[in-house]
Amino acid sequence: MTLLPLALGSRLSAALIVAAVFVPVPAHAAEPTLGELAAAKGRYFGSATDNPELSDAPYVATLGREFNAITPGNAMKWDATEPQRGQFSFAKGDEIVALAQKNGQKVRGHTLVWHSQLPSWVSNGGFPAAELRSILQNHVTTVASHYKGQVMHWDVVNEPFNDDGTFRDSVFYSTLGQSYIADALRAARAADPGAKLYINDYNTDGIGAKSDAMYNLVKSLKSQGVPIDGVGFQGHLALQYGLPSQVQQNLQRFADLGVDVAITELDIRMVLPADSAKLSTQAAWYSDVTKACLAVSRCVGITVWDYTDKYSWIPGVFPGQGAALPYDENLAPKPAYAALRTALGGGTTPPDPGLSCKVSYKVVSQWNTGFTGSVTVTNTGSAAINGWSLAFSFPGDQKVTQGWSAEWSQTGAAVAAKNASWNGTLAAGASTTIGFNATHSGINAVPTAFSLNGGNCSLG
Ligand code: G3I
């Protein structure tokens, strides 16, 4: 906060001037976040997240600030919640629900019945139909009951179709036929009547054989009185395959069946390396998908499948592809982020996290295979920083082997340094210097971008 004197007229007495009223005003008017912009349009804007990421303070800060809904990326799946028959484990899901509640975020439950991340005791159990049906009902009932009242939507059934629109030959379909879908939905409704129940799939975003199959399924479930409230369109898109056609019309035809629709796992990957042309096409697609959702009154929200390239599932599954999310690996917003803000009706300026910083990076000494680095962080803002995490990426193969004056960690090229107990508070104008030893080969190029608590720092 900055204290500014109110304009005072010259006719005021000297005594009054001495007693001039000061009103606190924010140093910068905070821009609304993606979540706030979506909320102003009656929607949510969410992100997936996963438990291992929750130890990354800058990541958690942006997750908590920018999004008003969370989907656990793995924590509520069958292999996490019932790894052995009848033995349920909710620790990971509970951790994410607790974080969401602390942040005032909604939770999309993901997912109760899916062919993947299904423990082998289910997929290879060879159960007769009656027993498998009871296993499925027990799983759905137990998990949905545990989270009763805490989950806004459940992806009750995930990915029931093949790309050609035939039913996927999962153990559930091959043993029970398509009746497993209605059974799962009924069990979920009975366990948590307040949660909206969804079926969720990928490659159903535009109009085509697979979305036609989903459409026919939902129509038939509705006509039989099976509880179904929504359809999730995952939105795993790729620049090299083109933007699916008729996304808005597709969402609308489902809405016209009397269900809600949501974009549940949006990411837009590209063949690496990213360049400005690809990032700008990606930004345009994020905008197009968002506008398609906003144009359909029953499209209730959008979720990105994690928000930063640092934690995307894509490079692990599609080698050579990635850069799919609105924030880069250093948690800096990309053109897609600005495009999302504009599509949601906001300005393009990122919200001011109330922080301003300067970083000076020095190679103190260097030898063939290693070097010692020092980083001075200065709080150039007007308020104290209480607890900080510095993030940057090495341009080469440098690896931190030892660090001091901060808790150092490194994943791939991305380095994080969290304050030590004694230098967590940086008063306005204060600096602290932290250091590390690292290995390297070839040119020991210096990092060029640094962020503190998710806000970019200047170099100096
Ligand atoms: O937990 C183990 C760890 O113990 C082990 O050391 C490590 C070694 O590979 O694997 C870890 O499990 C990984 C798990 O994520 C948790 O991180 C699995 O290998 C990995 O396959 C799994 O990937 C998940 C993927 O679903 C599985 O299909 C992704 O994180 C998750 O983002 C992704 O999400 C799916 C949605 O649920 C459905 N729609 C598609 C979407 C993307 O594939």
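Counting starts with 1 at the first residue shown.
Each Cβ is built from the backbone N, Cα and C atoms, and glycine gets one as well.
Listed features, source TrEMBL:
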- 1-29: signal peptide (SIGNAL)
- 48-343: domain 'GH10' (DOMAIN)
- GLU265: active site, nucleophile (ACT_SITE)
- 350-460: domain 'CBM2' (DOMAIN)
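Listed in sequence order, ALA48, THR71, ASN200, TYR202, GLY232, GLN234, GLY235, HIS236, THR303, VAL304, TRP305 are the same-chain residues at least 6 apart in sequence whose CB falls under 8 Å from the CB of GLU265 (active site, nucleophile). In the predicted model, the domain 'CBM2' (350-460) has a mean pLDDT of 89. Here the domain 'CBM2' (350-460) is broken down by DSSP into helix, strand and coil counts: 0 helix, 63 strand, 48 coil. Secondary structure at GLU265 (active site, nucleophile), taken from DSSP and collapsed to helix, strand or coil, is strand.
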